[in-house]
Amino acid sequence: MSTNSSIQPVSPESELLSNTTCQLEEDLSISFSIIFMTVGILSNSLAIAILMKAYQRFRQKYKSSFLLLASALVITDFFGHLINGTIAVFVYASDKDWIYFDKSNILCSIFGICMVFSGLCPLFLGSLMAIERCIGVTKPIFHSTKITTKHVKMMLSGVCFFAVFVALLPILGHRDYKIQASRTWCFYKTDEIKDWEDRFYLLLFAFLGLLALGISFVCNAITGISLLKVKFRSQQHRQGRSHHFEMVIQLLGIMCVSCICWSPFLVTMASIGMNIQDFKDSCERTLFTLRMATWNQILDPWVYILLRKAVLRNLYVCTRRCCGVHVISLHVWELSSIKDSLKVAAISDLPVTEKVTQQTST
């Protein structure tokens, strides 16, 4: 009787724990989390500073929409990394004793919501950036006249609100986020799934993530093919494509990083949701795919840091010098963004502005 009475007060909280466990190297996990969070915060902070400076420079120009979305993506990565990393370090510092420091499951719910949001929102933003560039390259006049910064901000808000809604679905459905087998993170229920609703959350998360990656791939492929066709057909607008190529290269970098980092975790969640694999047999593998997914938040900002026009230009010069080729004048990279976009978009507003300037000068 005394044994039963001592267990009963703990049982409500223990129901939130996974019934399986993962063997982890404690010291390695703690140091990994601290170093990982520090590097991620510094990387995203540097990328935010670069993108904000570029956005202020091109605020009324052709790159403003792209830079706005890119800044939102990096800011999302920054706060997701900061919040999730802080909670993870706290959990390790508390010896992963969830029953002691989170009896009401509030911290686990916050952790789970942040995990889902910081996972889906960057993928959505990456696909939205790919769509924006695809329209900008294939339909430049429509993009220049119809898609304004106000519209981009509305789409950005819609994407963020949708990601928040998906993250809040279990709470709205009176379900709890579960402490996973490693006791270091919270997510949807992944072991001993018997309810269709628990499967639905996993499959919805995996489907939305894979759909975002698929949209990014298709749009980036269309954009790249369109630019290559213009390049081989005519050299008339070669000067107007430098910024297009810069943004497309960055998008391709984001897409590759997202696919490599997120695909294993999304496929694993889909497999668990469809009961193809048992979570008990893949606990360590699931934790490994989760760490791969979180690497996306570190690598994303370096795409913008390293794949900028200035860096690519210097890399181009160094490569040609190393190959013993005479360095030609890179006038493609030297035109302003507004002139480039006007040439590509074929908007003939220049005569009107010239008339106005002539009238004012006289």
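For all residues, glycine too, the Cβ spot is worked out from N, Cα and C.
Annotation source Swiss-Prot lists disulfide bond at Cys108-Cys186, citing sequence analysis.
According to Swiss-Prot, the N-linked glycosylation site annotation covers Asn4 (among others), on the basis of sequence analysis.
According to Swiss-Prot, the feature N-linked glycosylation site maps to Asn19 (among others), an assignment based on sequence analysis.
According to Swiss-Prot, the topological domain 'Extracellular' annotation covers 1-31 (among others), on the basis of sequence analysis.
Look at Swiss-Prot and you will find 55-69 (among others) tagged as topological domain 'Cytoplasmic'.
Sequence annotations record features per position, and here Swiss-Prot assigns topological domain 'Extracellular' to 91-109 (among others) based on sequence analysis.
Secondary structure by DSSP for the topological domain 'Cytoplasmic' (132-152): 18 helix, 0 strand, 3 coil. Look at Swiss-Prot and you will find 132-152 (among others) tagged as topological domain 'Cytoplasmic'.
Residues or ranges marked as topological domain 'Extracellular' by Swiss-Prot: 176-198 (among others). Across the topological domain 'Extracellular' (176-198), DSSP assigns 3 helix, 4 strand, 16 coil.
Residues or ranges marked as topological domain 'Cytoplasmic' in Swiss-Prot: 225-250 (among others).
For 268-285 (among others), the entry in Swiss-Prot reads topological domain 'Extracellular', with the evidence type sequence analysis.
Annotated topological domain 'Cytoplasmic' per Swiss-Prot: 308-362 (among others), in sequence order.
What Swiss-Prot lists as transmembrane segment is 32-54 (among others), and the listing cites sequence analysis. Taking Cβ pairs closer than 8 Å, the transmembrane segment (32-54) reaches residues 63, 67, 70-71, 74-75, 77-78, 81-82, 85-86, 88-89, 92, 291, 294, 297-298, 300-302, 304-305, 308 in its own chain, all 6 or more past its ends.
Positions annotated as transmembrane segment by Swiss-Prot, on the basis of sequence analysis: 70-90 (among others).
For 110-131 (among others), the entry in Swiss-Prot reads transmembrane segment.
Residues annotated as transmembrane segment in Swiss-Prot, with sequence analysis given as evidence: 153-175 (among others). Taking Cβ pairs closer than 8 Å, the transmembrane segment (153-175) reaches residues 68-69, 72, 76, 109, 112-114, 116-117, 120-121, 124-125, 128, 188-189, 197-198, 201, 204-205, 208 in its own chain, all 6 or more past its ends.
Positions annotated as transmembrane segment by Swiss-Prot, on the basis of sequence analysis: 199-224 (among others). Listed as Cβ neighbours of the transmembrane segment (199-224) (distance under 8 Å, sequence separation of 6 or more from its ends, same chain) are residues 116, 119-120, 123-124, 126-127, 129-131, 133-134, 137-138, 166, 169-170, 175, 188-190, 193, 248, 251-252, 254-255, 258-259, 262-263, 266-267, 269-270, 272-275.
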Most crowded position, judged by CB atoms within 10 A, among Cys108, Cys186 as disulfide-bonded residues:
Cys186
Any residues 6+ beyond the ends of the transmembrane segment (70-90) with a Cβ under 8 Å from its own?
30, 33-34, 36-37, 40-41, 44-45, 47-48, 51-52, 55, 107, 110-111, 114-115, 117-119, 121-122, 125-126, 129, 156, 160, 184-185, 250, 254, 294, 296-298, 300-301, 304
